[in-house]
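Okay, structure first, notes after.
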Amino acid sequence: MIIFTLRRLLLLLVTLFFLTFIGFSLSYFTPHAPLQGASLWNAWVFWFNGLLHWDFGVSSINGQLISEQLKEVFPATMELCILAFGFALMVGIPVGMLAGVTRSKWPDRFISALALLGFSIPVFWLALLLTLFFSLTLGWLPVSGRFDLLYEVKPVTGFAIIDAWISDSPWRDEMVMSAIRHMVLPVLTLSVAPTTEVIRLMRISTIEVYDQNYVKAAATRGLSRFTILRRHVLHNALPPVIPRLGLQFSTMLTLAMITEMVFSWPGLGRWLIHAIRQQDYAAISAGVMVIGSLVIVVNVISDILGAMANPLKHKEWYALR
């Protein structure tokens, strides 16, 4: 396990190193780039040294430090993605197992059809439909933002629910509920695609495990179906799925950009899209580095967790994964 982890960490460092060239190219080769006046080597050394000190320069639009802007928008995106990913796991794992154990029966067909429908719906269209129904028609949920305009929450961690909870305001409970209400539609929109993919992965893995002889032997010993599912099926069906969850989280970061634009969520994706529109290359470079690094780190962590859950993966060569 130690060798496997070291290989993954080495792959992480090498990939991050090559990612720096992409980020640097946006600060050097683009028109009116901030580092264009220096030589290529000196510009890269200066840029990389700033990267190590979390210094991405200043925005060419408003003159603010990009690192300070990232501190404001990055937690908002992470809060949205973590909640959506958690919802996808809580729903996708049991529903996928149900589809697997009822293979070719009506529950499996219904779940598979519903998952296919959810996967095929465009994110922006789903967001508009949910907004039209729950916000504009029923008036149950807010349309945009993180809090109601009545509340002023001091940002401490950048996570809306946590900041509202640790606030010393007499309206703390109301602020927490306001934060939750503002998150319902963005989280629901963002969680649909990963939920359907988790359902598909768990269904395939459950079918493979359910046909194994040790599961049939457990049934002949008189164990209940719930015990078989909990002890044997879930324990063996989940490890092959874990390494693929990192890819789903990475995909969700891309979908978060669209979700943040529709719901005016002040996150990293919305900030990066505005930077692209305004041709703020220093901000674009910083956004690419942060998102790319997060994607790489999440995938490496998912591989390590998958290997810990499935010891047979320890001996696989990382270049073949």
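Heads up, the Cβ atoms here are built off N, Cα and C, so glycines get one too.
Bear in mind that the values here come from a model prediction, so they are computed numbers and not experimental data.
Annotation source Swiss-Prot lists topological domain 'Cytoplasmic' at 1-8 (among others).
The transmembrane segment annotation in Swiss-Prot covers 9-29 (among others).
Look at Swiss-Prot and you will find 30-80 (among others) tagged as topological domain 'Periplasmic', backed by sequence analysis. If you average pLDDT over the topological domain 'Periplasmic' (30-80) in this model, you get 82.
The feature domain 'ABC transmembrane type-1' is assigned by Swiss-Prot to 74-302.
The annotation transmembrane segment is assigned in Swiss-Prot to 81-101 (among others) on the grounds of sequence analysis. Long-range contacts of the transmembrane segment (81-101) within the same chain, counting only residues at least 6 positions beyond its ends with a Cβ under 8 Å from a Cβ of the stretch, are 107-108, 111-112, 183, 186-188, 190-191, 194-207, 210, 225, 229, 233-234, 237-238, 245, 248-249, 252-253, 256.
Swiss-Prot lists 102-113 (among others) with the feature topological domain 'Cytoplasmic', giving sequence analysis as the kind of evidence. Under 8 Å from some Cβ of the topological domain 'Cytoplasmic' (102-113) lie the Cβ atoms of residues 95-96, 199, 203, 207, 210, all in the same chain and six or more residues away from its ends.
If you look up Swiss-Prot, you'll see 114-134 (among others) marked as transmembrane segment, on the strength of sequence analysis.
Among the features that Swiss-Prot reports, topological domain 'Periplasmic' is placed at 135-174 (among others). Distant neighbours of the topological domain 'Periplasmic' (135-174): 71-72, 74-76, 78-79, 180-185, 263-266; these residues of the same chain sit at least 6 beyond its ends, with a Cβ under 8 Å from one of its Cβ atoms.
Summarising the annotation, Swiss-Prot assigns transmembrane segment to 175-195 (among others) and lists sequence analysis as the type of evidence.
The annotation topological domain 'Cytoplasmic' is assigned in Swiss-Prot to 196-248 (among others).
Taken from Swiss-Prot, the feature transmembrane segment applies to 249-269 (among others), supported by sequence analysis.
Taken through DSSP, the topological domain 'Periplasmic' (270-280) splits into 8 helix, 0 strand, 3 coil. For 270-280 (among others), the entry in Swiss-Prot reads topological domain 'Periplasmic', with the evidence type sequence analysis.
According to Swiss-Prot, the transmembrane segment annotation covers 281-301 (among others).
Look at Swiss-Prot and you will find 302-321 (among others) tagged as topological domain 'Cytoplasmic', backed by sequence analysis.
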Under DSSP, the topological domain 'Cytoplasmic' (1-8) has how many residues in helix, strand and coil?
-> 7 helix, 0 strand, 1 coil
